[in-house]
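According to TrEMBL, the active site, proton acceptor annotation covers H186. Per TrEMBL, the feature NAD(+) binding site maps to D41, N104, V128, G129, N130. The substrate binding site feature in TrEMBL is assigned to R91, R97, N130, R161. The feature domain 'Lactate/malate dehydrogenase N-terminal' is assigned by TrEMBL to 5-151. Among the features that TrEMBL reports, domain 'Lactate/malate dehydrogenase C-terminal' is placed at 155-329.
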Amino acid sequence: GEPIRVLVTGAAGQIAYSLLYSIAKGDVFGKDQPLVLVLLDITPMMTVLEGVVMELQDCALPLLREVIPTDKEDVAFKDLDIAILVGSMPRREGMERKDLLKANVKIFKSQGAALDKYAKKTVKVVVVGNPANTNCLIASKSAPSIPKENFSCLTRLDHNRAKSQIALKLGVTANDVKNVIIWGNHSSTQYPDVNHAKVNVKGKEVGVYEAIKDDSWLKGDFILTVQQRGAAVIKARKLSSAMSAAKAICDHVRDIWFGTPAGEFVSMGVISDGNSYGVPEDLLYSFPVVIKDKTWKFVEGLPINDFSREKMDLTAKELTEEKETAVEFLSSA
């Protein structure tokens, strides 16, 4: 078959280091899909990136037709089938969230414009670099000729964290847990919701609340653990999540490409337009979705209790504020 063109930005960084091998060996697009990998990073990282290219060559992977390292957007974004935007300005110590947003608006405005100009109109764009939801919204607004629905941001890591916390609590595998939901922002206001989640216990599928029988844990420590897991990893490792982030990116992109399993839904940040959950329009908000033919749809009709409503509104409020700040910067960027 024809190779597909896959871009990874921030390609000399540590998430990409865990991600590139999985993509190149066929874990994401299938074992018979040849690839051209395009690797974008900033000019000072080009020597490091050369080392990454050497390593990819030394893996001797049959699907990898070509690796293109670059620091130029016109090279990086040309004719893409998929763009995985991992690179962003990280938060430095003493940095206000506003400063972080300003720096990132500049990056994602520029990358959005490059997508608009050079990529295929069918390109799927996944934003990982934080603040991921708002970065994704800015990229989408800067690429008006690419459908908004083609842009998504990563909340799959939070989704996987929630699944695994439930699995650990019950002594089952993560595969036995399905349909957890991450609502809202990929930040500490996100709401991990297990009201609709099911778990397979001894061959029988039951609701998570019924299986765990500990509502105060589910409404307390469980939510806090998932919300603050990224910070806990940084505290322990002195570096942010990389292996688990790379795995989540693979899961997210594979589901876009091949669809979600029957009876299961996943969480991803998508444009909120037309949702039935009272989330304001024009936000990049994490919802439960099902995917078929590379097209996602909201999971509809899930009853929302008062506890959930409050948490969903709180994270929407944060996203609205972030968006307003970012849009201000956008007009001046």
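Cβ from N, Cα, C; glycine included.
The Cβ of H186 (active site, proton acceptor) lies under 8 Å from the Cβ of N130, P131, A132, N133, C153, L154, T155, D158, G269, S286, each of these being in the same chain and 6 or more residues away along the sequence.
Most buried of the binding-site residues N104, N130, judged by other Cβ atoms within 10 Å, is N104. Distances between the Cα of R161 (substrate binding site) and those of the binding-site residues D41, N104, V128, G129 are shortest for V128. The Cβ of R97 (substrate binding site) lies under 8 Å from the Cβ of R91, P131, E322, each of these being in the same chain and 6 or more residues away along the sequence.
Within the model, the domain 'Lactate/malate dehydrogenase N-terminal' (5-151) shows a mean pLDDT value of 96, rounded to a whole number. Around G129 (NAD(+) binding site), the same-chain residues six or more apart in sequence whose CB sits under 8 Å from its CB are T9, G10, L85, V86, G87, S88, M89, N104, I107, F108, N135, listed in sequence order. Neighbour counts of Cβ atoms within 10 Å were compared across the binding-site residues R91, R161; the minimum falls on R91. In this structure, the binding-site residues D41, V128 were compared by how many other Cβ atoms lie within 10 Å of their Cβ, and the smallest count belongs to D41.
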